[in-house]
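Participant: Below you will find the structure I want to go over with you.
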Ligand SMILES: Cc1cc2nc3c(=O)[nH]c(=O)nc-3n(C[C@H](O)[C@H](O)[C@H](O)COP(=O)(O)OP(=O)(O)OC[C@H]3O[C@@H](n4cnc5c(N)ncnc54)[C@H](O)[C@@H]3O)c2cc1C
Ligand SMILES: *[C@@H]1O[C@H](CO)[C@@H](O)[C@H](O)[C@H]1NC(C)=O
């Protein structure tokens with residue numbers, strides 16, 4: 001069960017473990033280092049610009065944001081380094097939890113800006129019995145964590161579409177947030193963005209202050225709708241799931257668009273459909289070629 005569809009594809013890294021991964025990485029790593037050695041010395045060094053990173057970073061702070069989610073902020077090796085990842089990326093986190101035979105490798109999506117000096121930040125949801133998420137939630141400031149490599153997602157090109165829609169469920173908000181922040185922080189990217197964010201309860205809404213700020217700063221370009229399936233009494237949010245009716249109401253009228261989806265399996269299946277059966281998005285005119293699942 002995953003909010004992030006490619007979890008299964010990434011899982012084998014866990015089984016293969018450190019040995020094979022390290023072997024595979026050595027060649028890439030040396031190549032990466034060589035490339036970097038020739039980089040312009042005036043530009044800040046990018047730690048996660050692509051391929052192997054293999055750095056151990058110190059945890060600067062760990063902040064609880066709700067009942068199951070923490071924000072973890074790590075220091076880059078030097079204060080003037082930047083994360084430097086491209087939109088959209090995730091980073092493979094390696095750990096060897098005590099008492100385990102195999103190390104654990106899982107991808108996490110940075111939510112700090114790729115250009116922010118000195119730090120990289122993640123938002124991690126804890127799953128009961130989840131190996132990596134339990135390890136990450138157990139870390140206290142000052143401890144260190146190894147980051148193996150950057151995984152590229154959808155290769156975003158500015159102004160490729162006039163208007164995009166992002167549909168996120170629960171903790172699946174991180175890739176949507178990374179893309180939205182990246183687009184709005186790039187003055188030469190004029191893409192308009194509609195975000196639809198579905199969660200179970202009011203307490204599960206993540207990054208609200210950040211999205212509120214974007215909406216206030218870019219009222220012509222960014223708008224969002226939150227919907228809560230089990231709202232508390234007096235909730236300020238709309239009630240219900242991300243339905244066809246809701247999407248019909250809030251999605252852009254431009255048809256030359258792209259839809260990005262990242263949510264729990266039931267949500268993604270309802271929206272995107274199964275192999276043989278189309279989902280809500282297809283009925284709304286967004287065939288599979290117009291939909292990207294993070
Ligand atoms: C590209 C990509 C980006 C990702 N970005 C983020 C991110 O920014 N933040 C984040 O928190 N996670 C993110 N994930 C998910 C993350 O990689 C892990 O899958 C997640 O933290 C669970 O790993 P674990 O080792 O704790 O659980 P595991 O040990 O793999 O799983 C143990 C048990 O936990 C439960 N479980 C685990 N994962 C889920 C799930 N997703 N939904 C429901 N139950 C589950 C299941 O019962 C499972 O059997 C991302 C995944 C991908 C593929
Ligand atoms: C990563 O770094 C560690 C410690 O510096 C080193 O032992 C390991 O061989 C490196 N792995 C790769 C793939 O370069």
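Yeah, the Cβs are placed from backbone N, Cα and C, and that goes for glycine too.
Relevant sequence annotations retrieved from TrEMBL are reproduced here:
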{"type": "BINDING", "residues": "106, 107, 108, 125, 131, 133, 174", "note": "FAD binding site"}
{"type": "DOMAIN", "residues": "52-157", "note": "domain 'FAD-binding FR-type'"}
{"type": "TRANSMEM", "residues": "12-32", "note": "transmembrane segment"}
Participant: Looking at FAD and its recorded binding residues 106, 107, 108, 125, 131, 133, 174, figure out the farthest C-alpha pair and report it in angstrom, whole number.
Facilitator: 20
Participant: What does DSSP give as the helix, strand and coil breakdown of the domain 'FAD-binding FR-type' (52-157)?
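Facilitator: Helix, strand and coil residues of the domain 'FAD-binding FR-type' (52-157) number 8 helix, 51 strand, 47 coil.
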Participant: Using a 10 Å radius around each Cβ and all protein chains in view, which of these binding-site residues has the most neighbours: 125, 131?
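Facilitator: Buried the deepest by this measure is 125.
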Participant: Among the binding-site residues listed here (133, 174), identify the one with the smallest other-Cβ count within 10 Å.
Facilitator: 133
Participant: What is the total of other Cβ atoms whose distance to the Cβ of residue 106 (FAD binding site) is within 10 Å?
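Facilitator: Total other Cβ atoms inside 10 Å, all chains included: 23.
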